[in-house]
Amino acid sequence: MINRITDNKFELVSKYKPSGDQPQAIEQLVDNIEGGEKAQILMGATGTGKTYTMSQVIAQVNKPTLVIAHNKTLAGQLYGEFKEFFPNNAVEYFVSYYDYYQPEAYVPSSDTYIEKDSSVNDEIDKLRHSATSALLERNDVIVVASVSCIYGLGSPKEYSDSVVSLRPGLEISRDKLLNDLVDIQFERNDIDFQRGKFRVRGDVVEIFPASRDEHAFRVEFFGDEIDRIREVEALTGRVLGEVDHLAIFPATHFVTNEDHMEVAIAKIQAELEEQLAIFEKEGKLLEAQRLKQRTEYDIEMLREMGYTNGVENYSRHMDGRSEGEPPYTLLDFFPDDFLIMIDESHMTMGQIRGMYNGDRSRKEMLVNYGFRLPSALDNRPLRREEFESHVHQIVYVSATPGDYENEQTDTVIEQIIRPTGLLDPEVEVRPTMGQIDDLLGEINARVEKNERTFITTLTKKMAEDLTDYFKEMGVKVKYMHSDIKTLERTEIIRDLRLGVFDVLVGINLLREGIDVPEVSLVAILDADKEGFLRNERGLIQTIGRAARNSEGHVIMYADTMTQSMQRAIDETARRRAIQMAYNEEHGIVPQTIKKEIRDLISVTKAALPDKEETVEIESLNKQERKDMIKKLEGQMQEAAGLLDFELAAQIRDMILEIKAMD
């Protein structure tokens with residue numbers, strides 16, 4: 001067990017001072033948290049600096065904080081921002097560590113068993129270990145996570161009880177330390193020294209913690225006593241300094257001591273016998289044979305190695321949980337009095353609520369056909385009510401909070417004023433009769449001013465037809481559909497910003513990364529057709545795409561005024577009036593956001609330095625593609641090291657697309 005530091009303070013470092021309505025929002029949020037309010041909503045318009053407000057709140061309430069985003073890209077962006085705001089505190093990143101993941105599944109109609117197949121990202125695995133160890137060591141911790149934080153993880157008690165604590169003067173033999181390291185899943189490797197491994201040279205043991213990627217620790221013995229402990233560069237062996245205490249956390253989150261392992265194995269065997277009897281009674285002899293063979297192999301691995309592939313499927317027995325009891329997750333590593341912030345809560349809460357059912361149906365198939373014991377069903381994400389039971393205090397952050405959040409609390413704190421003075425755009429409704437020619441005139445007016453246009457349609461066919469028509473009319477236009485891959489999408493957005501074309505047509509323009517300050521017109525076709533992208537929230541989010549330009553304008557083409565349209569228009573007008581009054585009072589003139597246009601194509605050029613210009617990937621031979629992947633992987637690691645996770649994710653997607661060609 002380790003002693004957790006509880007008196008560290010968050011130190012916010014920023015050249016900015018709260019402005020606009022940020023000071024009031026920060027004060028209200030902090031007062032409510034300190035007053036014991038369980039749930040509240042920060043309803044912040046796009047571009048109002050919600051992350052900065054969140055940072056101010058974290059610094060002032062000084063609680064360990066979990067920030068949940070609805071995908072890895074957004075989590076990476078938030079992680080980078082919080083790292084800049086809190087350079088002297090522990091800002092951690094916890095997302096799924098799979099670059100590629102095919103879950104274990106069975107399709108009875110074709111008698112197809114799909115074995116679990118995955119590619120683990122070593123960098124993300126390191127960051128996950130860094131997050132859990134930081135939570136057990138100190139109180140000034142921010143963990144930015146995706147929804148994977150509600151999936152099963154090992155017991156925090158077993159994890160912390162398994163920590164190997166070392167200090168100079170400690171009486172412990174070298175061999176005892178080696179055995180202790182093996183017990184917590186470290187591997188001995190005297191040649192290939194990497195994370196989660198140790199090596200031995202006489203009376204010196206070098207240990208590479210699972211939460212580090214460059215620094216290791218050298219433990220020097222004098223007889224059966226630790227003489228000194230040094231931190232060293234893993235690659236060069238250069239000594240960085242001496243340490244007074246070293247806590248070595250397990251190399252895996254699923255760790256169990258020997259006594260608990262024997263109890264767990266006995267329970268697994270008992271469950272196996274019970275399930276085999278059920279299968280035999282039902283005449284399912286093939287299923288019984290399959291289950292017996294697989295489970296006995298896993299038991300043997302657990303007995304000999306303390307680990308097996310798919311060990312998480314036995315986590316109920318290893319944790320000592322009852323049937324149906326929720327698994328341990330990242331949330332259990334936090335102290336009781338912690339703060340949760342849900343970014344883009346209208347999206348994220350839907351994911352949190354929906355994870356359990358999808359996981360359950362897949363695993364039931366595996367159990368019914370003898371691929372897993374029934375206890376595998378308890379290796380799962382949390383149900384909604386189980387997640388709620390972990391909530392001590394929570395802040396939902398969104399421009400358009402969902403029904404769920406509004407049901408949880410009546411406390412809504414608004415943040416509407418943008419530091420740039422930008423206003424929510426003007427919105428007008430025009431009839432559908434002659435809408436295409438009307439829109440063509442609006443596009444041409446924007447082209448003359450070197451501004452861009454977004455057009456959102458409801459169907460793929462309409463988007464394609466519209467694109468073809470505008471091309472015939474001489475408009476430089478592109479259509480962005482759902483089949484376009486991440487990297488290609490990024491290139492399209494870049495070309496739009498550079499003026500390679502002037503109009504982007506799409507169905508869903510609410511994906512991350514589609515914020516283009518050059519867009520001054522957003523046209524919404526079929527605005528009166530109620531649905532996911534034409535409900536109040538969808539319309540407000542779409543309208544927000546024109547809020548980065550001082551000339552922002554939105555035209556809805558519709559023949560009737562739906563309630564969703566009216567509410568979206570009214571809300572936008574309300575915000576705009578507040579923003580205009582603030583600007584007038586403070587003499588602020590709205591300025592279009594100046595955003596750097598990153599040249600992603602240079603990534604390809606850098607990966608192929610012997611080429612004079614960027615080439616089509618399809619034209620490369622297998623060896624050239626292999627060389628490109630190797631160089632791109634280096635650039636991806638470099639981007640991650642610089643905390644530019646958005647670029648790192650884009651390079652990763654490019655690598656996956658190139659690999660898919662082989």
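Cβ coordinates come from backbone N, Cα and C, glycine included.
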Segment assigned the feature motif 'Beta-hairpin' in Swiss-Prot (from 25-48, 97-120, 577-600): 97-120
Extra residues within 8 Å (Cβ to Cβ centroid of G44, A45, T46, G47, T48, G49, K50, T51), ATP: T53, A399, Q415, R418
Proximal but sequence-remote residues of the same chain as T51 (ATP binding site) (Cβ under 8 Å, at least 6 apart): L78, E81, F82
Integer average pLDDT (0 to 100) for the domain 'UVR' (626-661): 74
Cβ-Cβ distance under 8 Å to K50 (ATP binding site), same chain, at least six residues away: L42, G44, D343, V397, Q415
For the binding-site residues G44, G47, G49, the one whose C-beta sees the most other C-beta atoms within 10 angstroms: G44
